[in-house]
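In what follows, a single structure is set out as structure tokens and then discussed.
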Amino acid sequence: MNALDWSRGLTEMTLAFHILFATVGVGIPIFISIAEWIGIRKNDPHYSLMARRWTRGFVITVAVGVVTGTCIGLLLSLLWPEFMRFAGNVVSLPLFLETFAFFFEAIFLGIYLYTWNRFSNPYIHWLLTLPIVIGASASALFITMVNAFMNTPQGFTLEEGRLTNLDPIAAMFNPAMPSKVAHVLSSAYLTAAFLLAMIAAFAMLRGRDNEYNKKSIRLNMMTGLILAAATILIGDSSAVFLAEAQPEKLAAAEWHFETSSRAPLIIGGKLNPDTNEVTGAITIPWALSLLATHHPNGTVVGLNEFPKDEWPPLYVHYLFDAMVGIGFYLLAIPILFLFMTLAKRWNAYNRWMLAGIVAGGPFSLFAIELGWFYAEVGRQPWILRGYMRVSDAATTNPHVGITFWLFAALYLLLGIVCLLVLSRLFRNKPAELELEERRVIL
Amino acid sequence: MPLAEVGITVLWIFLYGYLIVASIDFGAGFYAYYGKVIGIESVIGPVISRYLSPVWEVTNVFLVFFFVGIVGFFPDTAYYFGTALLIPGSVALILLAVRGSFYAFANYGAKKSNLYLLAYGATGLLIPAALSTVFTISEGGFLSVSANTVTLLMEELFFSAYSWAVVLLAISSVLFISSTFLTYYADHAEDKRALEWLRSFALWGGVPTIISSLFVFIALRNHNLEHFDNMVRLWWMFGLSLVSFAIAIWLIWRRKNYGTAFVMVMLQFAFAFFGYGMSHLPYLLYPHLMLVNSVTNQTMGRALVVAFVAGLLLLIPSLVLLLRLFLFNAKYVKGETS
Ligand code: HDD
Ligand code: HEM
Ligand code: HEM
């Protein structure tokens, strides 16, 4: 492997690790805020305790998010110096703004954690959640803007290798930005809802059948329903956007080779790499045209319009299908749960339902990984679509291999210790015990 | 002021901020470990953790701000430093990552263990040493630049007297800044026993700081005469730094005004740090990168400055709130509220 391959590997590994914690970091604060608010309003200690317990877990994941994010931030310069030198001229503004969002969140998180009992009016403490929510979501907004720029670069003209007519605002508000930001945010909130529901459902499966866990599941399934629907709708608008502005990415995900109208949707299947024939797939007529253009007669651009050396790897088809599959699973679970709650004939907290909710946690995290790998691998071979290839951007330093292994060891260590600490945190002190004690926490 | 100077001033101010807050943090790690070794953990431990707990993440953002900002204002630095610093940069990152996350694990999650304390103490000294190599490299002579790549000359770096002088200065400064701050904090907390220990750390910490900074001056003279001459031209900055140091030590020795003493230490480092920075110009990296040719375009530069001002309007009130709640709140400092 050469420096390029190692750099790719290290980037993939770091981002894949960071994104788990980043997603949790973006999503959980909203739920802490909601729970604390309900707790104060209804004067219900269950919800107040939820806010406290979630916060404690949250701090641990934020810590890993912060240190791995710091790694990416610096690694971008260490591994892709050419890219940063070039793109730094156009998109450093959102990256710079992101650090202010971090600052803002970090400051208020520090205050929030150590002021549970400081204010006589509990709403003041609740107010502190707002800057945390805003800061976390703004971090996601700004970094996703950078990523959207890599997909649809604009805001500059390239004349003989030199950048002119720079417009940082246009670079930030590029065509890929709206759908991407919306999908990243909604999927992060959705993931948080399922992770929190997972913890409560898991406790119920272990026999802690109590009101605290039920309330947590109810809250998270209700919000989960809305968020799953939103994520699918916005995901659909992402696909519409791709069909228009980045057709090769969509075509690669759908194994769509010939430009055509009334294009069928292919689910699963196997591709013959020489003939590009698909076997064993479920084919839904017209569905791709419907998905991509919202019209059965719409024309969808196929991969054959592009030179072969600009095709993304075709395995992204499976990533896309799996993400969409999980999306519908995450919609079905809350629907089923609400249906069972409303139709009083069944017990909505039966073992199967709870197991289904528990599975939603890892599934949603998995969908985040699938989605990002689809989005990033689908952009290949470009690092800056149409302008710079990944192979032209990598460092020339020959020692990336060593650093890859160093970071691999780091992430392994962090991952294991983080899981241990989290599980000990919740196991050693079940909610029931804490409700009894009701002492100062943290 | 031209854009390039605005940019470097802003970044330098934030790097100075990082230097102070991170030194307090790094040094505290060392003292926590040392305290354990000599059996006074229960004395100075609480003082340290009460200050550190709410602010550790903020400390980290100062660093992120600096390296994101420098690539924004001076994109060429990404190419030179980015290519050359792969190994030292990665080592520093890994140490930072271990330190930050284990701090959170131990503090919010599990019980503290000895191993954790050792890691916390050791990284507190190793990280400043690793980060300080950036300053060393910027003096020139440690990179070989060809048409399509930049290589770090590890051997030169390892056998350079200047490079070791900088490492020594970094470590001793960290210990000195940290102990003077913690002395002030312990006094504020009216914790007499912790105060006595930390005060003696502060007094002893001053000696190696001054010796190693002299050592840096001498080594720089041999390594980069041009920079050294620029420094001599700014002699009054370094003179003021020395005066501030003397006042700080005098106050601590006389057991009074520990707050003022710490402000004097901050001034000591401000004068030295800005004197060093100003005399380093016009080069960012001798002799390859000049401030004026590596600055970003006007449009982006202006946008960054506007963003910066807007960001400060948001940050300063928040930081003031943080400090009022935790640093200047007597009840919290004494550990009387949660
Ligand atoms: C819980 C997570 C999750 C779920 C259930 C879904 N997605 Fe997704 N998807 C993401 C999480 C995600 C993501 C991690 O947020 C991505 C990666 C990059 C991005 O912009 O968002 C993404 C990317 C992404 C893209 C590529 C966007 C681009 O590269 O510009 C498309 C077209 C879709 N998604 C479409 C969908 C559809 C039609 C779904 C319907 C079921 C769906 N996603 C469910
Ligand atoms: C956090 C969300 C992101 C994730 C999870 C992610 C993930 C990935 C993955 C999996 C690849 C590998 C593609 C391949 O197989 O070659 C990749 C490529 C890359 N991404 Fe992203 N990406 C994210 C956002 C960004 C952003 C915002 C940037 C830049 C500022 C960026 C920079 C890069 C670079 C430089 C590459 C090229 C390396 C390569 O092709 O392997 N990524 N990313
Ligand atoms: C290549 C892409 C990325 C880079 C360079 C990056 C950079 C960073 C950095 C430097 C930090 C540490 C900040 C600190 O010190 O507090 C961080 C943390 C974080 N990042 Fe990422 N990030 C990337 C992708 C993402 C994405 C895609 C999201 C959201 C979907 C995200 C959300 C977060 C969050 C929530 C944190 C935790 C910080 C906190 O909660 O305070 N990041 N990231």
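Using N, Cα and C of the backbone, Cβ positions are placed for all residues, glycine too.
Positions annotated as transmembrane segment by TrEMBL: A:15-38 (among others).
What TrEMBL lists as transmembrane segment is A:58-80 (among others). Within the same chain, residues 7, 10-11, 14-15, 17-18, 21-22, 24-25, 28-29, 32, 102, 106, 109, 113, 383, 393-395, 397, 400, 403, 407, 411, 414, 418, 421-422, 425 sit at least 6 positions outside the transmembrane segment (A:58-80) and bring their C-beta atoms closer than 8 Å to a C-beta of that stretch.
Per TrEMBL, the feature transmembrane segment maps to A:92-114 (among others).
Per TrEMBL, the feature transmembrane segment maps to A:126-150 (among others).
What TrEMBL records for A:181-205 (among others) is transmembrane segment.
The feature transmembrane segment is assigned by TrEMBL to A:217-235 (among others).
What TrEMBL records for A:315-340 (among others) is transmembrane segment. Using a Cβ-Cβ cut-off under 8 Å and counting only residues 6 or more beyond its ends in the same chain, the transmembrane segment (A:315-340) has close neighbours at 190, 194, 217, 221-222, 224-225, 228-229, 231-232, 235, 249, 252-255, 266-269, 271, 346-348, 353, 356-357, 360, 363-364, 366-367, 370-371, 373-374, 377-378.
Counting residues 6+ beyond its ends, the transmembrane segment (A:352-375) has Cβ neighbours under 8 Å at 15-16, 19-20, 23, 147, 151, 180, 183, 187-188, 190-191, 194-195, 197-199, 201-202, 204-205, 217, 221, 224, 249, 253, 316, 319-320, 322-323, 326-327, 329-330, 333, 336-337, 340 in the same chain. If you look up TrEMBL, you'll see A:352-375 (among others) marked as transmembrane segment.
The transmembrane segment annotation in TrEMBL covers A:402-422 (among others).
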Remote residues contacting the transmembrane segment (A:126-150) - C-beta distance under 8 A, at least 6 residues beyond either end:
22, 25-26, 29-30, 32-33, 36-37, 40, 87, 90-91, 94-95, 97-98, 101-109, 111-112, 115, 171-177, 180-181, 184-185, 188, 375, 379, 382-385
Beyond the flanks of the transmembrane segment (A:217-235) by at least 6 residues, Cβ under 8 Å
31, 34-35, 38, 47, 50, 179, 182-183, 186-187, 189-190, 193-194, 196-197, 200-201, 204, 323-324, 327-328, 330-331, 333-335, 337-338, 341, 349, 357, 360
Contact set of the transmembrane segment (A:181-205) with the rest of its chain, CB cutoff 8 A exclusive, min separation 6+ beyond the ends, reads 23-24, 26-28, 30-31, 54, 57, 137, 140-141, 144-145, 148, 212-214, 216-217, 220-221, 223-224, 227-228, 230-231, 234-235, 237-238, 330, 349, 351, 354-355, 357-358, 360-365, 367-368, 371, 426, 430-431
